[in-house]
Amino acid sequence: MLNIKVVNTGHQPLPAYATHQSAGLDLRANLSEPIVLHPLERALVPTGLHIALPDGYEAQVRPRSGLALKHGITVLNTPGTIDADYRGELKVLLVNFSNDDFVVNDGERIAQMVVARYEQVQFETVSVLDETERGEGGYGHTGVK
Ligand SMILES: O=c1ccn([C@H]2C[C@H](O)[C@@H](COP(=O)(O)OP(=O)(O)OP(=O)(O)O)O2)c(=O)[nH]1
Ligand SMILES: [Mg+2]
C-alpha cells in the first residue's frame, strides 16, 4: 500500500476504495451549495483535497460509469492528470452530455482517482527507426474481424 500525504481543507471524508480490489478511489464533491449543470455545461468541482504524490507517481481522474450511463455526466478531460508536484486543490471537470439538468450535491461521489506509476523519458534523435511488422499502418489497418 502506497502512503500519500493529504491535506483535507474540506468537510468530506477522505477518498476511499468502494470494494476490496477497486482500482479507483471515489472522489466526493466538497460544496457549500449544489452546482447545477445544464445540458452541455461544464464545471470545475472542488474536492477540498490537496495531495503530495511520491516521485514517480501520478493520479488519474476518471469518470464513474454509473453517472455516465444514467445521467450523461463525465469528466471532460478524462483522464485528468494530477502531477506529483501539484499542491493545489484537486478538482474534477465535469460535463453534462445529457439533455437534462444535473445537480451535483455536496458529498456526491463524482469521479474516481487511480494512482499509477509513470516514467519520464528523454528523446534520442535518430535518422531511422527500426522496422516492424506494423510499420506505418494504423487507424484500423488490421481490419475488423
Ligand atoms: O482533472 C484535473 C486535472 C488537473 N488538475 C490539477 C493537477 C495538475 O497537476 C494540474 C495541471 O493539470 P494539467 O497539466 O492537466 O493542466 P494544464 O492545462 O497543462 O496546466 P498547467 O500548465 O498548470 O500544467 O491541475 C486537477 O486538479 N484536476
Ligand atoms: Mg500541464
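The backbone N, Cα and C atoms fix where each Cβ goes, and this holds for glycine too.
Quick look at what TrEMBL lists:
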type    : residues                                        : note
DOMAIN  : 13-143                                          : domain 'dUTPase-like'
BINDING : ARG64, SER65, GLY66, ASN77, THR81, ILE82, ASP83 : substrate binding site
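With ARG64, SER65, GLY66, ASN77, THR81, ILE82, ASP83 listed as the residues that bind substrate, the site has a largest C-alpha separation of 26 Å. Mean per-residue pLDDT, taken over the domain 'dUTPase-like' (13-143), amounts to 97. Contact annotation for binding-site residues (ARG64, SER65, GLY66, THR81, ILE82, ASP83) versus ligand 1: THR81, ILE82, ASP83, each with CB under 6 Å from a ligand atom. Across the domain 'dUTPase-like' (13-143), the DSSP tally of helix, strand and coil residues reads 7 helix, 48 strand, 76 coil. Taking Cβ-Cβ distances under 8 Å and a sequence separation of 6 or more, the neighbours of ASN77 (substrate binding site) in its chain are VAL61, LEU93.
Other Cβ atoms within 10 Å of the Cβ of ILE82 (substrate binding site), summed over all protein chains shown, number 20.
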